[in-house]
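Engineer: Sharing a structure with you now.
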């Protein structure tokens with residue numbers, strides 16, 4: 001049985017196919033910048049879903065501010081271990097950054113039980129309370145985490161808000177688009193931890209090549 005086995009070749013061929021399909025099916029589509037293109041194509045590569053051409057929203061200064069945050073030592077807080085696992089932490093570390101996910105932290109479990117809230121909400125509360133200045137929040141699964149962040153009167157370096165689902169997901173992301181945060185958001189129900197990680201990785205790869 002013959003099939004491609006080299007991961008670099010598989011990825012390169014995938015992106016070629018993605019570019020060809022966009023050119024054939026959306027000949028008038030224009031990306032706002034090379035980084036905008038890289039992010040959307042990486043999300044499509046992750047999901048095999050070309051709807052992302054139209055449903056990934058960026059605040060006016062999101063890409064500039066997210067890149068500025070990532071090129072300095074920062075803390076990325078994720079709502080799931082899946083999102084944390086998908087982020088290229090080795091590359092992030094070259095810029096002095098690290099990832100944290102508190103969803104299973106005993107403090108989070110206790111706070112969620114005591115307050116009658118989701119663990120995702122409690123994890124955001126704990127992350128907000130930490131003293132680090134350069135914070136990024138990356139949400140791919142929990143609308144309640146995104147809602148909780150929006151409830152806090154805080155300044156953060158950026159938000160990737162792409163929780164997936166039918167209850168609160170679209171609403172939480174819509175609220176993000178009206179916030180003051182530098183943000184990338186998925187419009188509608190689609191999203192996921194894999195999408196969240198793909199967006200962060202696209203930003204990191206861009207910085208590596210800059």
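Placed from the backbone N, Cα and C atoms, the Cβ positions cover glycine too.
Below are the features I grabbed from Swiss-Prot:
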| type | residues | note |
| --- | --- | --- |
| BINDING | 14, 42 | substrate binding site |
| ACT_SITE | 45 | active site, proton donor/acceptor |
Engineer: Looking at the recorded positions 42, 45, which one has the fewest other Cβ atoms within 10 Å of its own Cβ?
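Structural biologist: Among the recorded positions 42, 45, the lowest count of other Cβ atoms within 10 Å belongs to 45.
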Engineer: Same-chain residues six or more away whose CB lies under 8 A from the CB of residue 14 (substrate binding site)?
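Structural biologist: In sequence order, the residues whose Cβ lies under 8 Å from that of residue 14 (substrate binding site) (at least 6 apart) are 45.
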